[in-house]
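TrEMBL has this to say about the protein:
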DOMAIN    67-97  domain 'FAD dependent oxidoreductase'
DOMAIN    216-489  domain 'Squalene epoxidase'
TRANSMEM  6-24  transmembrane segment
TRANSMEM  463-480  transmembrane segment
Amino acid sequence: MVFDQYLLGGVIALLAGFMFLYNYSYRGKKIMSSTKEKSMELYSNGFVKTSSNGAVSPSGIPKEGTDVIIVGAGVAGAALAYTLAKDGRRVHVIERDLNESDRIVGELLQPGGYLKLIELGLEDCVKEIDAQSVFGYALYKDGKSTKLSYPLEKFHSDVAGRSFHNGRFIQRMREKASSLSNVRLEQGTVTSLLEEKGTIKGVQYRNKAGQELTSHAPLTIVCDGCFSNLRRSLCKPQVDIPSCFVGLVLENCDLPYANHGHVILADPSPILFYPISSTEIRCLVDVPGQKVPSVANGEMATYLKSAVAPQIPPELNASFIAAIDKGNIRTMTNRSMPASPYPTPGALLMGDAFNMRHPLTGGGMTVALSDIVVLRNLLRPLHDLHDSSALCKYLESFYTLRKPVASTINTLAGALYKVFCASPDPARKEMREACFDYLSLGGICTNGPVALLSGLNPCPLSLVLHFFAVAVFGVGRLLIPFPSPRRMWIGARLISGASGIIFPIIKAEGVRQMFFPVTVPAYYRAPPVQ
């Protein structure tokens, strides 16, 4: 059988590949050691309505003081505010704009992220916003398609992915947070962190009325998103922009596979479709690089109709053209940034301000919610947060404990994007074809990668094994029926190319923290004695 032949070729490729990987990893060790929709009720001064316990003094400082300041009330900030306040912390949240946002990303929550939402008590935030259940993906390539279902058999029937309007989801979480009397959600723009002798003591901000105010707390958590203007003092930002998304909304049409995200392996890069309401489908067209055709002069519409439309499933073509003609075309840059924090007494970074990955796999909210669970568990034993130095040293463990989950999702997003992009290189073409066919095999070849993608099993070792299994599978196909010199050369370059894709991403994430977190001293940090 053909599959048996592939396996035979795979054995040959495995021996050659592992010899290469051993030498590569040996060198690598030397290199790598280092929102139903509601509007928020606002007072004229920009505060969200709370009970009398959340009253504010004329100076803008809560009468009873603040334990934690959170900058930003997006997914991470709002969820974190609710989580910490539920544990008894007095939380002051400052958000630049409390109106419902209108974004083209942050619309798909993977099942692993939904489980974290349940763990935080926020699962009702996906209700009453016309959120759609997502049960997996459909993958398209050269007219072929395969369905990749999430491995949800061991979970409650409610567990699945959720897709929705990002703004509706965030508004629901803000409502949930501000329903607690010890949360004060205020509209304002944080202009700077207040530092005293190397310790962050709070923030300076401008409220809705334009007044310059300060707010003080022993812990300030910055969650002001991918365009953060505060991150530079708290981390070493290494932002990469691999591509841009062009966003459209298709109306009153059905996806070929209901309740599934659709990924088209197009030329030059992937196209995504997923439902965001019962009547709307989001389309995201990836455009490599930092420049996109102009929307204003019509170049974008021409590009979408001539280069993109012929590559999408026929069932969606008419709605796709209608969406272009409607004219509501949105663009945004896709950013990637590994977490490189400067441990700073009195301050912490979270969310996209801290760590970003390509949005192809929809893993951002899963990482943010997972990080919140880790931080909540670390802070629970502490009654007093005022010893900034001791707290900073203790919270270094946060950066280690979050790594296996966050790094797996980050690495998968970066690697999968590179594999899914078209290339004239024969080795890269083989890798792309092998990836589609490997995922189509079923069994562990489907369930393993999809468990990683869904955040249900974010295991770094599983990621590496499946990634190189795809490479070996591709080499095996090349060596059948016989290993000609040209095929052997392409196979060697395929293994080399696969290594060149994944290892730099792993290096940036941190090999030791990702694969061997128990060897990092911070992993064992005990809470400060109080």
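Placement of Cβ uses the backbone N, Cα and C atoms for every residue, glycine included.
For the domain 'FAD dependent oxidoreductase' (67-97), the model's pLDDT averages out at 98. Long-range contacts of the domain 'FAD dependent oxidoreductase' (67-97) within the same chain: residues 106, 117, 120-122, 169-170, 173-174, 176-177, 180, 182-190, 202-203, 205, 215-225, 230, 350-353, 365, 368-369, 371-372, 375-376, 379-380, 385, each at least 6 residues beyond the stretch ends and with a Cβ under 8 Å from a Cβ of the stretch. Assigned with DSSP, the residues of the domain 'FAD dependent oxidoreductase' (67-97) fall into helix, strand and coil as follows: 12 helix, 9 strand, 10 coil.
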